[in-house]
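Below is one structure, written out as structure tokens; comments come after it.
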Amino acid sequence: MYAVSLLFSRGVHFTLNPLNALAPSSDALIFLGASGTMALAYTNDWSSIFTANWLHGSLLHILFNMLALRTLVPLTAKEFGVYRMLSIYILSGAGGFFLSCLGGVPLTIGASAGLCGLIGALFYFGWSRGGSWGKMVFDQTKSWIFSLVLIGLILPNINNWGHGGGFAAGFILAFLFGYEERRRSGNIDILICAGMSLFTCLLLFRSIFQGMAAIVK
């Protein structure tokens, strides 16, 4: 979706500032499903809370989130199973962007809401499981939370509403879904994951086609 957003941008934004290098235009991001109060005022489409999780605002933005995914996904999949992990990522991302809209964030995108959902799920796992392994995971998630808070205070344009909402949603979903040691993944987890994945893919394809139609006009 990042590559598509660059293609839809009328001129890519080049800058020496690494935070904004290869940044898609705001119009392209809104057409493709960015969320926030400004995007909602233009599109009136609340499904953007699902699509915004798959868009990024710069090359550094997507690289940073991919590195975080590389760390979080294997651990979350190990403790919750692949199906529950993906469902937590999608739903906590939507939860983070929903809270962002309520908090008045004008334009918001990125995988960080879903990533914070995975951190919230692991935080619950470590706290709930206990023992040496549970404590290790719990302590690791506390260090990630500290880093997120620090980044949110230092860097501009960080969506702390999205981070907080994603974390809270991930914690709640982990409690509701359970983890592998308590309940092995089953058909219900596959159905939820398949439903959420299909729903999100359909929304993303719709956003692409709507964006193409807007460019043609």
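Placement of Cβ uses the backbone N, Cα and C atoms for every residue, glycine included.
Per TrEMBL, the feature domain 'Peptidase S54 rhomboid' maps to 44-178. Annotation source TrEMBL lists transmembrane segment at 54-73, 80-99, 105-125, 161-179, 191-209.
Among the listed stretches 80-99, 105-125, 161-179, 191-209, the one sharing the most Cβ pairs under 8 Å with the transmembrane segment (54-73) is 105-125. Applying DSSP to the domain 'Peptidase S54 rhomboid' (44-178) sorts its residues as follows: 110 helix, 1 strand, 24 coil.
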